[in-house]
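Asks: Below are the features I grabbed from TrEMBL:
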type	residues	note
TRANSMEM	B:26-44	transmembrane segment
TRANSMEM	B:56-78	transmembrane segment
TRANSMEM	B:84-116	transmembrane segment
DOMAIN	B:92-384	domain 'ABC transmembrane type-1'
TRANSMEM	B:137-157	transmembrane segment
TRANSMEM	B:177-203	transmembrane segment
TRANSMEM	B:224-245	transmembrane segment
TRANSMEM	B:265-284	transmembrane segment
TRANSMEM	B:366-387	transmembrane segment
Amino acid sequence: MNSKLLTAVLGLTIAGLGAGAASAQTLGTVKERGQLRCGVNTGLPGFASQNDKGEWQGLDVDYCKAVAAAVFGDPSKVQYSPLSAVQRFPALQNNEIDMLARNTTWTMDRDTTLGLAFAGVNYYDGQGFMVKKDLGVNSALELSGATVCVQSGTTTELNLADYFRTNKMDYNPVVIEAQSDVNSAYDSGRCDVLTTDASGLAASRLELKNPDDNVILPEIISKEPLGPAVRQGDDQWFNVVKWTHYALLDAEELGVTKDNVEEMKSSDNPEIRRLLGQDKDFGASIGLSKDWAVNIIKAVGNYGEIFERNIGVDTPLKIQRGQNALWTKGGIQYGMPIR
Amino acid sequence: MSVETQAAPRAVRGSSILTNPTVRSIVIQAGLIIGLVIFVWWIVTNTARNLAEANIASGFGFLWSRAGFDIAITPIAYSSNDTYGHAIVVGIINTLIISAAGITLATILGFVVGIGRLSGNFLIRMLSTVYVETFRNIPPLLVILFWYFGVLSVLSGPRGLEENVFGVYLTNRGLQVPSLVFSPVAWATLIAFVVGIVATFALSRRNKAHQLATGERKPLLWPALGLIIGLPIVVFLVTGLPAELEFPKANRFNLAGGLQIRPEFIALWLALSIYTGAFIAEIVRAGIMSVSKGQNEAASALGLTRGQALRLVVVPQAFRVIIPPLTSQYLNLTKNSSLGLAVGYPELVAVGSTVLNQSGQSIEVVCIWMLVYLTISLSVSIFMNWFNSKMALVER
């Protein structure tokens with residue numbers, strides 16, 4: 001009786017620990033499950049947030065939808081996991097999610113020692129500061145002695161320490177885990193300064209009691225290339241996410257949009273024909289169907305459409321394309337050729 | 001037939017080793033230990049292999065690399081140039097500080113309210129009951145969030161404050177009070193304080209010996225106050241007031257200077273103390289009620305006053321009932337201090353999770369967490385067990 005129990009417990013533990021090792025077949029597992037598990041922010045307007053109907057929307061959310069469309073032809077087959085900054089990497093490492101699209105900065109440390117692989121940059125960002133207007137501060141260099149609210153476990157926290165130390169300034173950090181609590185601490189006057197990525201500042205500002213009483217300072221103190229990440233060691237799945245990103249960029253460059261994608265199938269342009277799977281079956285080479293890119297664009301549009309819909313100048317965030325314009329228009333977004 | 005008769009004694013001989021209780025228990029225990037060692041070894045190697053396969057770095061080497069982040073409350077020197085290991089030590093010290101402060105206040109609250117629940121005064125009894133029933137039934141996290149977001153964040157900011165003479169300011173940046181800045185001569189005052197305490201102990205022993213010999217009680221309270229408080233004051237005055245007050249001054253953003261107690265600490269401290277105090281109150285009440293009424297009556301019959309009866313007869317007996325469950329409450333409070341994460345008090349779990357996230361070494365950090373809490377809890381247990389054995393009934 002006892003030995004039977006012991007065998008059962010051992011068996012269960014072996015099964016549990018063994019599952020951690022088998023991570024190589026993500027695409028097959030996702031197809032079998034019929035759903036993509038995507039890690040997103042717990043709530044960052046423009047990138048990942050729930051609307052009043054409880055539907056997820058935002059730039060990162062559209063990347064989840066794009067990958068689901070590429071795999072299933074259906075952008076709704078996504079199960080979203082809202083994750084805090086501290087939770088995000090363990091969730092991906094432990095196989096709880098298939099991909100992480102959570103405004104996460106691509107750094108060498110994360111790319112190497114955390115076992116992650118970044119599939120591209122869907123938003124080039126940089127860290128900035130927001131202060132109350134009535135302080136009369138015009139530059140981040142005047143912030144010596146201030147109390148600064150920051151989210152724990154982010155690159156932001158590290159840049160902040162570096163910036164104040166290199167400029168020989170003092171500050172009081174107030175370090176809180178959830179960005180929403182960081183925002184409310186700033187709003188209630190616990191801190192003088194709120195710091196996060198510039199896009200995050202624009203989003204957080206909208207949630208303050210009086211957005212117009214706050215200004216974003218001109219200094220950008222870091223490079224924050226944000227992008228989707230997957231686990232290392234599964235090249236097929238890495239390619240699916242990476243080429244979904246490039247397909248979105250190439251579609252914008254070639255003028256393929258959500259509305260005209262069907263007509264574009266009969267275009268004479270060989271680049272468009274390759275993207276839309278008309279000449280050669282590129283989908284098969286990454287384990288997807290021939291019309292994978294068509295499905296992506298039908299579901300979420302091209303990169304430009306995603307940008308304008310979620311964070312562009314016509315949205316409350318009013319963010320210019322800037323560095324995130326295509327390379328042909330003065331930016332640095334550059335889709336690798338599909339051929 | 002002959003086969004059967006020979007077989008029976010052999011069976012008895014053969015089973016004599018198997019049924020020998022000493023041998024059996026040694027074999028079973030050895031088997032269990034070997035099994036456990038194999039199991040742990042297998043878990044460790046399996047985890048290490050899985051981590052290596054997933055290209056995740058492992059090992060404790062990261063503790064010696066640069067942390068890069070700042071910590072809000074640093075009781076020992078720390079900057080972002082120090083190591084992860086150093087940051088974790090800061091977290092441990094912050095955990096110890098909040099636990100010690102919480103245990104002190106919770107004990108005082110618990111004893112006052114616990115005795116209050118037995119008071120003859122209706123108002124005191126009702127207030128104590130309401131306090132216990134309210135805070136015993138609310139999760140501690142909610143109490144912490146209530147103090148932080150509900151009470152301390154709605155205070156006014158530090159700018160445009162009217163200056164006050166005492167230099168004491170309570171704002172949404174915390175409690176700012178003047179601090180004492182000592183010059184080196186102030187050591188004399190500290191030494192006088194220690195001397196006062198030692199002398200008081202000596203006096204108390206002499207008084208006791210005198211009472212045992214003659215039955216006469218000599219006063220202790222006033223000489224003790226004179227030695228512990230009076231002597232240092234005299235030395236302080238004689239050495240020429242070797243300290244001055246530093247008052248908080250408003251700068252562009254904050255009040256600077258003086259002693260600042262941050263709202264994260266205040267919220268966590270009050271919440272933990274009030275929450276645990278409610279449980280301690282019930283333990284104290286139970287302890288006092290466990291002392292039979294006859295003890296009180298016997299004390300009166302011997303001619304002890306009410307105060308003496310409480311101090312010399314009831315409380316020592318009540319303590320025997322109070323101490324064991326009190327130990328668990330102290331351990332609970334220490335472990336609940338990890339909820340400081342929610343309001344950004346940099347205790348062990350808060351600092352550890354930042355380290356975990358910046359370095360990615362989750363298994364190692366979790367091991368450190370478990371080891372530290374285990375060590376703290378066992379230390380508190382050992383101390384309380386020692387205290388308990390001192391208080392235990394000595395049978396003559």
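Glycine is treated like the rest: Cβ placed from N, Cα and C.
Can you tell me where each of these features sits in this structure?
Replies: Non-local neighbours of the transmembrane segment (B:26-44) in the same chain are absent; no residue 6+ outside the stretch has a CB under 8 Å from one of its CB atoms.
Long-range neighbours of the transmembrane segment (B:56-78) within the same chain, counting only residues 6 or more positions beyond its ends whose Cβ lies under 8 Å from a Cβ of the stretch, are 48, 84-91, 93-94, 97, 262, 264-265, 344-346, 351, 354-355, 358-361, 363-364.
Cβ atoms under 8 Å from those of the transmembrane segment (B:84-116) belong to residues 62-67, 69, 71, 73-76, 78, 124-125, 127-128, 131-132, 265, 268-270, 272-285, 287-288, 326, 329-330, 333-334, 337-338, 340, 345-352, 354-355, 358-359, 368, 372, 376 of the same chain, restricted to positions at least 6 beyond its ends.
Within its own chain, the transmembrane segment (B:137-157) has Cβ neighbours under 8 Å at 170-174, 263-264, 266-268, 270-272, 274-275, 336, 339-340, 342-343, counting only residues six or more beyond its boundaries.
Under 8 Å from some Cβ of the transmembrane segment (B:224-245) lie the Cβ atoms of residues 167, 178-186, 188-193, 195-197, 199-200, 203-204, all in the same chain and six or more residues away from its ends.
Residues 73, 98, 101-103, 105-111, 113-117, 128, 131-132, 134-136, 138, 140, 143-144, 146-148, 151-152, 174-175, 318, 322, 325-326, 329, 332-333, 336-337, 339-340, 343, 345 of the same chain sit 6 or more residues outside the transmembrane segment (B:265-284) yet have a Cβ under 8 Å from a Cβ within it.
Long-range neighbours of the transmembrane segment (B:366-387) within the same chain, counting only residues 6 or more positions beyond its ends whose Cβ lies under 8 Å from a Cβ of the stretch, are 88, 92, 95-96, 99, 323-324, 326-327, 330-331, 334-335, 348-349, 352, 356.
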